[in-house]
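Asks: There's a structure below that I have some questions on.
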């Protein structure tokens, strides 16, 4: 499989570059922005152009592979190989001209993430990894952070689009952990958050209500950089469950125990005035 993955990585890198080029072309002069599930869940013509470009490239070069893309859904071929594609992760950032957004391509084999590429075009950073091949940033090998205690940890998380209506909105988890760590950031792109855990910029990340295209690429990066991924119970990650806990491995159980404590308490937070 190593030879196959090495070959597929080259296709993923080029697909991400092509998608990212579309995002740069549209950046700063969008004419169409519409909401999906909420006012914060946006889709633009840049999302659509990037996705169409990526899908066309993969269909041309890997026609036997199945595809799962954020805007167009799943296209089956009967293959064990499935690409999970987010043509623009961090759409709200992108729409407001913030640079923290990316293209994310994850490849699954028999439902398990085995390859990932995350390309942040404005930041000019390409994160890449495949199972057994290590993880790189712009071609340079990287590893997770050496931090060993939660109190010294710098974390990231996110909140669901429907946070105003969902009880399970991550507010309680955020508040509980915020008092026990250095600090927590909410940058707005789960894929890049995972890439940043992988390269040691963040020490850990958690979130629920995600999709496979948010999770798959970053999960491979974290593992190949020496980190750990799981669900909140420290069980095997299911990329289709929407839930992920990622860390440098050293603080994983510490994070998991706090998340489990909040979940078991049944505490949910909402602000009303």
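A Cβ is built for glycine as well, from the same backbone N, Cα and C atoms used for every other residue.
Annotations in TrEMBL come from automatic prediction, not curation.
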Asks: So TrEMBL lists 70, 86, 88, 89 for Mg(2+); which of 214, 238 goes with them?
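Replies: Mg(2+) site check in TrEMBL: besides 70, 86, 88, 89, the record includes 214 out of 214, 238.
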Asks: Suppose the Mg(2+) site is 70, 86, 88, 89, 214. Which further residues of the same chain have a Cβ inside 8 angstroms of that site's Cβ centroid?
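Replies: Once 70, 86, 88, 89, 214 are set aside, the remaining close residues are 85, 87, 90, 91, 102, 103, 104, 189, 191, 211, 213.
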Asks: Can you tell me the three-state DSSP label for residue 88 (Mg(2+) binding site)?
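Replies: Its secondary structure by DSSP: strand.
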Asks: For the binding-site residues 70, 86, 89, 214, work out the Cβ neighbour count at 10 Å and name the residue with the minimum.
Replies: 70
